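Feature annotations, courtesy of TrEMBL:
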type	residues	note
DOMAIN	4-150	domain 'UBC core'
ACT_SITE	Cys88	active site, glycyl thioester intermediate
DOMAIN	169-315	domain 'UBC core'
ACT_SITE	Cys253	active site, glycyl thioester intermediate
Amino acid sequence: MSTPARKRLMRDFRRLQQDPPAGISGAPQDNNIMLWNAVIFGPDDTPWDGGTFKLTLQFTEDYPNKPPTVRFVSRMFHPNIYADGSICLDILQNQWSPIYDAAAILTSIQSLLCDPNPNSPANSEAARLFSESKKEYNRRLFDKQITTICCKKVAFVSTKFGDFKMSTPARKRLMRDFKRLQQDPPAGISGAPQDNNIMLWNAVIFGPDDTPWDGGTFKLTLQFTEDYPNKPPTVRFVSRMFHPNIYADGSICLDILQNQWSPIYDAAAILTSIQSLLCDPNPNSPANSEAARLFSESKREYNRRVREIVEQSWTAD
């Protein structure tokens, strides 16, 4: 059931995907709009450069009147971050305002990385070193114990709880796909690896504006293999769909996922093609015969059925 907090979070999510701040990614976890996973990339040309830092944001039905509980999942060494990952930041406490959204929260935390307040320490050792020995402080940022700093050439760090994984050509390519998707995301598309598995992605496609799909939030999984990019992933919708080219199990009848696949396609291209397919189906190659028939014979009824699916996507928890 939709509530003011959930509606606001959907707006936050859509805004974050359509106009993401540099080096920031965030999305609801699984089917729970109230619990988000987020990633902050360490700002370029700073001691944090190259790091991939994971957080969770737990919202309540009081949002946006009350801030979320935000914690780093990644192990951190910073004057204003506690051992349990919680963050000493004024906008998450007494300076909170309902005007702040998820993007503003994550941007403020990213800024805090490079501009800590050692006079309000959550980690007294980090605060002392920051004030007295910047060289040693910076060295600690790259200590081997800070396992979530991402060595791009040899390791993969997931978007959630992560250990390093042995690199292979497929995994290296997928890490490039992920970074490209975060740095220059197509409008209305989000995707990221699941848990510690670079080979399994969660993705979200927003229904294109000014179409029957407008306002829908459709979840997918992409299962890659070590043959990627020479072979396409297996892609399925998790959300319930009504579309001529989507089977009942969520799999998709799309040429680039079959005989028209090419290694030049990346994760962003796959998701963009699927988003385009929503509004431009091929009823002559049906995976859902009823949807194909209605699309060809009764657009009004077809659009009504699509709107039902859109509304279901809002409340699927």
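Please read every residue number as a count from 1 along the shown chain.
Cβ atoms here come from the backbone N, Cα and C positions, even for glycine.
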Inset, instruction - Could you put numbers on the helix, strand and coil content of the domain 'UBC core' (169-315), residue by residue per DSSP? - result: 57 helix, 30 strand, 60 coil
Inset, instruction - Output, ordered by sequence, the same-chain residues six or more apart from Cys253 (active site, glycyl thioester intermediate) with a CB under 8 Å from its CB, or 'none'. - result: Asn245, Ile246, Tyr247, Asn282, Ser285, Pro286, Ala287
Legend entry - For Cys88 (active site, glycyl thioester intermediate), the number of other Cβ atoms found within 10 Å of its own Cβ: 18
Legend entry - Mean per-residue pLDDT computed across the domain 'UBC core' (4-150): 87
Inset, instruction - Over the span of the domain 'UBC core' (4-150), count residues by DSSP class, listing helix, strand and coil in order. - result: 48 helix, 32 strand, 67 coil
